[in-house]
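Heads up, the thing below is written out as C-alpha cells.
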Amino acid sequence: MKKLLENLSLWMGIIILVTLLFGQVALNFGFGIRNEKIQFSEFLDLVEKGEVQKIVIEGYDISGVLKSGTRFYTKATQYTELIPLLRKNNVDFQVASGDSFLGLLFNILISWFPMLLLIGVWIFFMKQMQAGGNKTMTFGKSKARLLSDRSNKVTFHDVAGIDEAKEELAEIVEFLREPKKFQKLGGKIPKGCLLIGPPGTGKTLLAKAIAGEAKVPFFSISGSDFVEMFVGVGASRVRDMFEQGKKNAPCLIFIDEIDAVGRHRGVGFGGGNDEREQTLNQLLVEMDGFEANEGVIIIAATNRPDVLDPALLRPGRFDRQITISIPDIAGRQKILEVHLKKIPTAPNVEVSIIARGTPGFSGADLANLVNESALIAARRNKKVVTNEDFEYARDKILMGMERKSLVMREEEKLLTAYHEAGHAVTSLKLEASDPIHKATIIPRGRALGLVMRLPEHDRVSFTRAKMHADLIVAMGGRAAEQVIFGDDKTTSGAASDIKQATHLARSMVTKWGMSEKVGPLLYGEQNDPNNHILSIEMSNLIDSEVKQLITDALKEATKILNENIESLHRIAKALLEYETLTGQELSDLLEGKPFLKKTADDKKVVSKSSLDVEDDTVDKETLEKLESDLDTGDKE
C-alpha cells in the first residue's frame, strides 16, 4: 500500500508540473491563439498609420493587437524613438519586467525541461525493468492457492456416500484440531494421505471438507503447477510451498493429480535428467523432513496409483492410501439426498428409485443428473422436478441426446428395428444377462438405435456365464440381420457391437484366464510398453481363442433367434410403430401378452394378435419393397 501511494504521488507531481508549465507557456506565448509574426519596420509603419491598438514590450520582444483584432509579435532593435512614436500615435503600451523572479524561474524550467523529461523517462523504464525482474524471480514461488478457514464452507455434511473414507480421515481432523493430544502419548500423525479413486468420486471435495472441519488454512495446488520450462523451477516451488505451510501451521496442503509430478522415475524420454524428476526428488526430501509438531499434513489425489514412484508411497511420506470407489446404491441415495436439497421436487419423487436406476454413477455423475433434471423441468415450464424429468435426464446421460433432425428411410428403420430386436430377444432369453431398461430406434448420440440394460444390483465381479451372455447379446444384432435379411444384407450397424465383443473376449483370454488353451496367465494389452513380447505362436493362439469365443456367441445368438422368430417379429414391429419400448413391454411381447402403451394422445392397448405374424418371415410387401430399395441403392 505504501509503495502504491508513493507511485501515485510521483505521477501526480509530474502531471501538475507539466500542467503549470504548459499554462505558463500558453500565457506568455499565446499558445492556442493565432499570432502573426511581422518585421520591425512593418510594425513602425503600422504605428505611424494608427492601426496599432495596444502592445506589450518585454525586453526586445513586442507583442500586441491591431485595431482590426489581429494579434502580432515582432523583435525590436535599438530604436530610441519608439516610445515617443507610440505616444504620438496614441498607442496603448505596457513595459513588462523581463528579469522578475517568476520569469527567471520559468526560463530555467524551459531550458531544463527536455533534460528533466529524459531523466523521468529513464527512471520510469528502470522501475519497469525492476518490476519485470521481480516477476521473473517469482517463477520459483509456489502457485498454491490459500483457502482460509473462514472462506471454506465445505464440511463432512456436504460429502456423502464415502463413509469409510471419512472415518479414515477423521483422525487427521482430530490432529489438526488438537495436535498436543496425540503428541503427549508419543503418537505420530500420518504425514501424508493419498486418495485413490476414479474421476468424480469426490477426492477434492473430501480434502476441502477436512480443512473445513478442522478450521485450518487449506492450500490447493495441481501436480502440473510445479513443472515449468525453466530448470529448477519445480524444486523451488516445492520448497516455497512447504515454507508457506510451516508459516501457516497447522494447515493442510492438497496436491491434486499428483501423478503429473510423482510418476515413476527413470520412465519416459527424459531419463534420469528430467526436470520432473528433480521436482519429485525435492518433494520426497521435504515430506520426509517434517517433524511431528509442525502440523502440516499433505493430502494428494490421483486416479492412476500404478504410475506413482514407490519412494513416494513408502511409510513416512504417504503413510495412508485411501481408496474411494464408485458409490453403491446406499451411497448413491445419500449423495442424491444432498443434491436434491437444492432443487424443488415433486412429492412422488423417490430417491431410492433414482439410486436403484443409476448403477455405476459417480458422485459427479449424480450431481450432473440432478442438474440436468432441473434444467429439463425449467425448459418444460414446470415449477418442480418430476420423475419424468429424472428419467429423461438419465436416458440423455446414458444413451445420448435424441437426434430428432436425423431423417431415416423406411428400409433403414426396418433394419434398425430388427437389429435392436435381436439384442432384446437374446437378452431376455438369457438368465445371466442384465435386465433391459429400454429399447429404442430413435437415433441417440452416434447410434441409430440401442438397447440399454441396467443391472439390478451393484457388482464387484463378473462370472463366466455373465460374460458369455454379454457376448451373445452383443452379437444378437448381427445375428438378427443374417436371420431376417441374409448375409448379403448385413449392415455396418454392428461395428460398435463387434468392437465391444472383441474387447471383452480378449480380456477373458489374456487377463482373466478363461481360455483352456491359453491358460490362467496374464498377457496384458498388445500396445502396453511394459508387456513382455509374445511369441508368434502365442499371439496366434490368443487371436484364435478370441475369434472362437465371438464365433460361438454369434452361433448361439442365431440359434436363440431362430427358436423365437415370432417374438423377434413382434418386437421389431412394435419398435417400428412406437420407436421406444420399456423392458416390461419387451417381456410382454416376448411372451405374447397384451401390454399398455402410452401414446401422445391416450393409452392404447396393443393385443397379442395385432402384433402377431402368420409365418416366420417379415411381411412380404415390406420385404419386397426393402429388397427393391436396397437393389436400387446398389446399382446407383
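Easy rule for this one: first residue shown is 1, then count along the chain.
Yeah, the Cβs are placed from backbone N, Cα and C, and that goes for glycine too.
From the candidate list Asp365, Asp487, Asp488, Asp497, the residue Swiss-Prot records in the Zn(2+) site shared with His419, His423 is Asp497. A C-beta separation below 8 Å, combined with a sequence spacing of at least six in one chain, links Lys203 (ATP binding site) to Leu195, Gly197, Asp256, Ala301, Ile324. In this structure, Gly202 (ATP binding site) belongs to neither helix nor strand by DSSP; it is coil. Taking the Cα atom of each, Thr201 (ATP binding site) and His423 (Zn(2+) binding site) are about 32 angstrom apart.
Using a 10 Å radius centred on the Cβ of Thr204 (ATP binding site) and all shown protein chains, the other Cβ atoms total 17. According to DSSP, the topological domain 'Periplasmic' (34-104) comprises 20 helix, 25 strand, 26 coil. Sparsest Cβ environment among the binding-site residues Gly197, Gly200 (other Cβ atoms counted within 10 Å): Gly200.
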